[in-house]
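Q: Got these off TrEMBL a minute ago, pasting:
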type     : residues : note
ACT_SITE : 213      : active site, proton donor
ACT_SITE : 346      : active site
ACT_SITE : 453      : active site, proton donor
ACT_SITE : 481      : active site
BINDING  : 570      : Ca(2+) binding site
DISULFID : 410-439  : disulfide bond
């Protein structure tokens with residue numbers, strides 16, 4: 001058909017929504033509708049019944065717009081059908097009054113009509129951020145529906161098989177999502193989850209937990225929810241789990257073990273090594289420091305402060321960059337010579353800046369280490385790809401550069417922008433912009449519109465594609481880092497492209513990872529849109545981080561988690577920036 005009405009993106013399971021209506025003239029042979037044969041065979045009535053009320057409203061909106069547009073441009077359309085159109089006909093803006101009336105009828109839930117342009121043969125009507133915010137809420141509700149029905153009180157949802165997986169047996173997804181529900185204004189869901197935490201959550205269990213993951217997800221989530229809601233029950237639970245994690249610090253070096261049995265009060269390193277990763281032992285400080293401030297029990301801040309003090313003075317760094325492992329017996333870096341901002345080291349750099357911000361910009365050793373590390377990144381890890389010249393962060397292994405970049409590294413644009421917002425050099429923001437473009441391209445250049453876990457950039461002249469992805473790296477875990485950085489970049493620059501990129505990513509999640517019975521699934525192959533190979537796992541951080549940052553990206557309320565009053569932990573749980581002590 002020579003007309004295309006772009007209302008709904010084709011999802012893997014139920015349809016997702018776009019934030020605009022577009023009417024396009026296309027060639028008769030080129031207007032192929034991208035859908036499967038099975039979907040094309042469904043009856044129109046069945047399709048219509050499967051749409052939500054909001055989607056039906058959008059469909060009716062488009063039909064009325066097409067009718068009005070058709071009546072006002074019949075001669076041009078007639079020529080187009082006959083194949084005699086020499087150029088795009090002028091679009092007469094008749095019918096916009098009708099569209100405006102429809103938007104008014106829909107009461108702002110779909111659009112506040114702003115005709116953004118008439119370009120070529122496309123009439124674009126952009127919808128309000130209210131529409132996008134409701135889209136994020138709808139995604140959260142869909143994910144939560146699957147968790148509630150098939151995995152309630154358990155750690156993770158397995159949406160394909162409609163069951164659950166346990167990691168620690170502590171309701172990980174539920175706790176991780178508490179402050180997201182509060183921020184999204186989902187009061188009923190929050191109240192139900194709060195009741196479970198109050199009556200069912202117990203840490204008196206003979207179970208080994210990971211110190212780092214439990215700190216950032218559970219301790220961080222409970223502390224954040226306490227601050228947002230003011231409910232003392234969450235602080236009581238946070239204090240309980242915080243005290244049970246303290247045996248991890250009983251090591252010869254005071255560098256903590258990775259694993260703690262929260263019921264027995266014992267701790268140990270991984271079964272295969274006596275090392276901990278540098279990221280894990282240096283990304284627990286925000287939470288334990290805040291626990292000390294709230295409880296006035298100094299043991300928590302003293303323990304994590306000792307770790308930070310030791311890492312600050314350790315030898316083995318290169319221009320402020322740290323190795324990936326540290327030994328819990330000797331307190332020294334091990335397996336030296338490999339430097340990355342990806343897995344096992346990433347959040348060390350994030351927490352240098354954020355501890356400085358959390359403490360009121362008084363602890364200068366954190367700032368010094370952070371600034372030195374960023375200069376080390378510029379000197380050792382930054383290169384540009386070919387042919388597009390994308391700026392990326394690679395890795396260094398014993399002096400040899402590797403053009404490998406984890407998706408985890410996409411936290412860096414947001415962190416750089418946050419530092420610039422708090423007074424660090426302007427070139428940090430410029431670097432953030434360049435890296436943000438790269439992280440977006442890691443999505444845009446994939447056939448599914450979703451980034452793989454790891455990419456390798458081409459650096460040789462004559463390359464035809466910037467990004468290569470090895471078969472083992474093609475999975476997508478619903479990670480938040482790119483959306484996180486989009487949130488920071490939009491907050492500080494107000495450039496609307498960052499919102500547009502975020503909306504594209506959300507629609508790609510809806511198209512390729514949304515499971516019709518509830519929940520979202522990680523996938524194994526971002527290069528194959530027809531067979532992305534679902535992994536049957538919804539990580540807790542999809543609710544705790546990805547959708548939270550997506551919502552904040554589209555919110556115009558700058559007081560909703562103000563970045564002058566809060567600092568996010570690495571699991572997107574906002575903790576307050578400490579107030580300045582009154583001067584005497």
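Even glycines carry a Cβ here, placed using N, Cα and C.
Curation plays no part in TrEMBL annotations; they are all automatic predictions.
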Q: Given residue 213 (active site, proton donor) and residue 346 (active site), what distance in Å do their CA atoms have, once rounded to a whole number?
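A: About 14 Å separates the two Cα atoms.
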Q: Across all protein chains in the structure, which of the active-site residues 213, 453, 481 has the highest Cβ count within 10 Å?
A: 481
Q: Among the recorded positions listed here (346, 410, 439, 453, 570), which has the Cα closest to the Cα of residue 481 (active site)?
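A: So, of the listed recorded positions, the one sitting closest to residue 481 (active site) is 410.
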Q: Find the one among the recorded positions 346, 453, 570 whose C-alpha lies closest to that of residue 439 (disulfide bond).
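A: Smallest Cα separation from residue 439 (disulfide bond) among 346, 453, 570: 453.
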Q: What's the CA to CA span in angstrom from residue 410 (disulfide bond) over to residue 346 (active site)?
A: 10
Q: How long is the line from the C-alpha of residue 453 (active site, proton donor) to the C-alpha of residue 570 (Ca(2+) binding site), rounded to the nearest angstrom?
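A: Roughly 18 Å, rounded to the nearest whole number.
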Q: Express the distance between the Cα positions of residue 346 (active site) and residue 570 (Ca(2+) binding site) as a whole number of Å.
A: 10
Q: Under a criterion of Cβ-Cβ distance under 8 Å and sequence separation of at least 6, what residues of the same chain contact the residue listed as 'Ca(2+) binding site'?
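A: Set apart from the residue listed as 'Ca(2+) binding site' by at least 6 residues yet with Cβ under 8 Å, we have 216, 283, 347, 350, 351, 411.
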